[in-house]
Amino acid sequence: QIDPKDYTFSGLKDETVGRLPGKVAGQQFIIQDCENCHIYIFDHSAAITIDDCVNCQIFLGPIKGSVFFRDCKDCKCIVACQQFRARDCRKLEVFLCCATQPIIESSTGMKFGCFQYYYPELALQFKDAGLSIFNNTWSNIHDFTPVSGENNWGLLPENAVVQDYVPLPSSEELKAVRISTDATKSIIPVTRGRRQKSSDESCLAVFFAGDYTTANARKLIDEMTGKGFQLVQTKEVSMKAEDAHRVFQQCASEFIPLLERGPVVALEFSGDGAVEECRSTINNVFSGTKVFVSESKASASQDVDNFYNFADMQMGM
């Protein structure tokens, strides 16, 4: 028998509370009427509602469905979810991983950054919640109630340090979770999203499903970002033959047989010389692996547009 009290934090003040990996195990969770609290859910859940919280620091592990903030103010959060909604909130600062377009309503002073966090159980929790680490539209916010001449939301500074917002837990019990907030270790690749690009040159690389798809994609990200290129966006999505023709154009036929194995993982890099560097890295590091990569600077921006237009339609954005 499930006791709702095990899945609720209510009416707390000046406390540090949390749940260790394995303790929520896909249940729903409620957080309400908390003030000046540090709250950590180091597990996956079905859905989470957060109501009437003030000046709290909150970490939420992967949420299979939605997270809904209502009537909260001055909170700093790290959240991974399928859907993000905030209504009647003021001054929320959120490091976000969200599979669909995040929505705010009647809210002001909202700031968003890219989720960055690691602990050993997190990768499996993402799987259990049915979330892909490559589907993160953290900066593509939809404001249901825009006010002309005002901006209800913006992006956190690019150099924002996660621990300055949501510090690591101080309680003995929660210290057992082996956390890293180092961006290079983050389970979610840190993307630029809607931030201004440093260069008008982009490059698209697409990995096809197989045993090492995730590892290969991460390896290419490490290689490229290590050389100063920027990871703009990532996407994991299933493709059919007709999609391949639209996206890969004349080289579609060599990739179509690979689509039956499962979803593809696409990466967009930006920076002067990105195409050449990406092609040479793929030749040197992934010689036995079939990867689609932009042919030239001229074709690359079209590749990126073709792929992400298709992917956004797939995801129903």
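Placement of Cβ uses the backbone N, Cα and C atoms for every residue, glycine included.
Noted in TrEMBL for the protein shown:
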| type | residues | note |
| --- | --- | --- |
| DOMAIN | 1-146 | domain 'C-CAP/cofactor C-like' |
| BINDING | GLY65, SER66, GLN82, GLN83, PHE84, ARG85 | GTP binding site |
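In the structure as shown, the Cβ atom of GLN82 (GTP binding site) sits within 10 Å of 19 other Cβ atoms. Sequence-distant neighbours of PHE84 (GTP binding site): residues of the same chain at least 6 apart with a C-beta under 8 Å from its C-beta are SER66, VAL67, VAL94, LEU96, CYS98, THR100, PRO102, ILE103. The GTP site is defined by GLY65, SER66, GLN82, GLN83, PHE84, ARG85, and by the 8 Å test on Cβ atoms against their centroid, the other residues of the chain that qualify are ALA47, ILE63, VAL67, PHE68, CYS81, CYS98, THR100. Comment: GTP site residues GLY65, SER66, GLN82, GLN83, PHE84, ARG85; largest CA to CA distance 11 Å, whole number. Within the same chain, the residues at least 6 positions away from GLY65 (GTP binding site) whose Cβ sits under 8 Å from its Cβ are ALA46, ALA47, CYS81, GLN82, GLN83, listed in sequence order. The Cβ of ARG85 (GTP binding site) has SER66, VAL67, PHE68, PHE69, PRO102, ILE103, ILE104, GLU105 as same-chain neighbours under 8 Å, each 6 or more residues away in sequence.
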